[in-house]
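Down below is the structure, laid out as structure tokens.
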């Protein structure tokens, strides 16, 4: 808003300072009210997040436990499945998780899913592992030693030497049989070659009218 010029020859523009001061004060008040509203909304959001955290803390979750079954990843490999709108999610393509009600397309992502935080939370477990004490560690070591002793076969020196001798005799017998087979095969090939040569000679002699090749004894 401008004030009319006082002088007729003065063309400079005059401004109403009071009007612009009032506009500036109104603008400041508007910005303060907006800032106050945003602060209240942030406080409410923080309160909601704290409420969610407190609710999660109230839910009692068990510690992370080892899986007691083998994950089936190979039973449906190489099979063709017709998927329609009426097909159940568990029968569709991919790997179905009945806990989270979702489908994963490949085995690597499926393993990542079932070992992930979301899946474990849906199963009622947290990602914390039970801390073992000294007695539990000792029991586990003893159990592993017992399993190892059951799997390993105990040999004494005499039994081991006997087994080595039997294995050596078997290998000698196999080599002997192989040499016999080679000799027999070569002999059969040689005999068949000689028989063929004799047959050819007799046929040639018959064609030429001779009784046979070679000189006659006097």
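A Cβ is built for glycine as well, from the same backbone N, Cα and C atoms used for every other residue.
No curator has checked TrEMBL annotations; they are predicted automatically.
Secondary structure of the compositional bias 'Basic and acidic residues' (162-174), assigned with DSSP and counted as helix (H, G, I), strand (E, B) and coil, comes to 13 helix, 0 strand, 0 coil. Residues or ranges marked as compositional bias 'Basic and acidic residues' by TrEMBL: 162-174.
Among the features that TrEMBL reports, compositional bias 'Basic residues' is placed at 175-185.
Below 8 angstroms of C-beta separation, residues 61-65, 71, 73, 81, 83 of the same chain, each at least six residues beyond the ends of the domain 'U1-type' (92-126), sit close to that stretch. Annotation source TrEMBL lists domain 'U1-type' at 92-126.
The feature region 'Disordered' is assigned by TrEMBL to 28-55 (among others).
Residues or ranges marked as region 'Disordered' by TrEMBL: 162-200 (among others).
A mean pLDDT of 87 is what the model gives for the domain 'U1-type' (92-126).
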